[in-house]
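One structure below.
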Amino acid sequence: EGFSSVECFLSLYRFQACVYFASVFQAMSCGIHYLASVFMAVTPNFVCGFPGNVSSVLFHNSSASSIEDIWTLWTSTENYIVVQLENGEIWELDQCSRSKREVSLDLTYEYKGNKSVFPCSDGFLYDDMKWKSTVVTQWDLVCDREWLAKLIQPMFMLGVLIGAVIFGDIADRLGRRRVIWFTSAGQFVFGITVAFTFDYYSFVIVRFLLAMVSSGYLVVAFVYVTEFVGIKARTWASMHVHAFFAMGIMIVALMGFLVRTWWVYQIFLSIATLPFVMCCWMLPETPFWLLSEERYEDAQKVIDTMARWNKVSTPCKVSELCSVQQDHLASGRTGDDDTSSTKKHNILDLFCNWQIARRTITVWLIWFTGSLGYYVFSLSSVSLGGNEYLNLFLIGAVELPCYIIACVAMDKLGRRNTLIPFLILSALICVLIMFIPQDFNILIILANMAGKFSIGVAFGLIYLYTAELYPTIVRSLAVGSGSMMCRVGSVVAPFCVYLRSVWIFMPLLLVGIMALLSGILTIMLPETLGKPLTNTLVEATEMGRNKKSCSEKTPPAHSGAPLEKIEMFGQERVSTDK
C-alpha cells in the first residue's frame, strides 16, 4: 500500500500513453496465435486415394475426367465417388475406406454386386479449391488420426494455462520488462518455427511453447500497463487490452482470406510481432516493481524519464515516497498488534465461511463461463455458413464496442447490475439461435455476434469485480484462482465445439446453461461500486450481508489520508501541465 503514493505521478499521461500503446500492440499477436488454428487446422473434403491413373470419375449423375471437377458437387461426408482406372478397374472411394468392384463392366454409380473393401493405404485426396494446404492435409489427420487434429487447439490452450502460471511468477521475481522481452521474442521465434516443423508432434510441441509465451505476455502486459497507468484511466486501459486482442482475431480472418497455404499463413501472422520485438527493449521497468525490490536509484531514473516526457519540472522524489511508506508501515505496526504478525494465506481462505465460499464458487463459475462462451462463439464462427472469413472478422469486431459499453455500464449501473443482465442475455441468445432456421445464415451470424457481445461484456468485467469482492490479504489469490478457472474454460471450449458432431446446438446449449446459472448466482453477490476495498475477511463477509459496507461503519485500520493528499497534489500537477 505504501507504493500507492507513486500513482500521483503515474496519472500524467503522455509518457504512459506511449508505453501503453507499445505494450498492447503486442496483445494483437496473442489474439492472432490463440485463434490461428481455425484456418490452419481446417479439414477440407477428402476421399481415399486410388492405386493407379484415373480415366473417368462419376458422382451421382455427373461425370468428369478428374476428381478436382467433382468437389463443387460434394455435399455430404456420406457421399462416395466412383472412379474407373486406366486398367479398367472400378473403385468406390469413401472418406475412410475404398471398395473395388469385382465385376467392372459398366461405369454406374449404383452397384449391387460383390465388392472388396481396402484401407486407405495410398493416402487421401483433398479438396484444395479453398485451402491449398493445411496441417490436416500435410500429415493426413483424418479418419483414425482425426483425434490428433482435434487435440491441436486444446493442447495450445493447455500451454496458455501453464504459461500464465509460470511467467506470472517469473515477472514477480525478475521484473516485468525482462518477461516482456523474452515472451515477445518467443512469440516471433516460435511463431516462425511452427511454419517449418517437420511432423505433427514437433508442430504440437512448438505450438505449446508458443502458447506459453503468448499467455505469459498477455498476463504480464495486464500487470505492466496497470502499474504504469493512473487510477482514473486504469479501468479503461486494462479493459481495452482485450480490444487489441480482438483486433488480432480480425487479422486472423483477413490473413486467412488472403493466404491459403498454412505455413505461409503462419509466417505472415508471426511477422506481426516483429515491429514490437525490435523496439520492446526500450520499454522501462515499472517503478512499482523497482520500489518493491528496493532499487530506488533505478526507480528514480524511470520517474525522471517520465518527467521529461510529460514536461514536469518538479517530479516526485523516491526519497519522499520511501518516507511516506516508512511512516505508513510504522503507524500500522503501532496501531494494531494483529497487523504486525503476518500470516500466509492459501486457497482454503477463499472458503473460510459460507458467505466467502459461496462467493468464490460463483466467481469461479463466472470466470469459467466467460472463457467457455468467448472461445465457443469464436471457434464455431467459421462453421456458421456463409463466408467463414467474414464471420470470424465480425466476431472479433463486435468486441470493440462491447468493452466501451462495459466500462460505461460498470461505472454507471454497478458491477453486479451490469454482469447479471449480460450473462442472462447471453443465455437467452443461445436459446434463440436454436430456433433460427439453418438457411437464415445472416440472422444466425447476427445472433452469434450478439452472443459474443454479451459474453464479452461479462468476461471483461469479471477481472475488476473479482478484485473488489475480496479483501487485500487474499485479493491476488482470488484473481489468480479465477484466472486459472478461465484457462480451464479455454481448454474445455474446443472439446465443446467438437460436440457439434453429436448435435449442432450442443455447444450453445452448454454455454446457455452455464451462463444462466452464473447470472442467477450473481444475484447473491454484493455490489462493489463506490465502496472502499476491504482489508480483512471479516469486512468482506459483512459486505455480503449488509447493504452498506462495513467499511462505512468502521474505517479500515490503515487510513489513506496521507495518500489522498499526495493524490490531490498529483491532480494539481495534471491540471497545470495541460
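Heads up, the Cβ atoms here are built off N, Cα and C, so glycines get one too.
TrEMBL entries are annotated by machine, without manual review.
Note on TrEMBL: of 39-58, 179-198, the range annotated with the feature transmembrane segment is 179-198. Between the transmembrane segment (442-465) and the transmembrane segment (503-525) there are at least 3 Cβ pairs closer than 8 Å, counting only pairs 6 or more residues apart in sequence, which means the two stretches are in contact. In the predicted model, the domain 'Major facilitator superfamily (MFS) profile' (72-530) shows an average pLDDT of 84.
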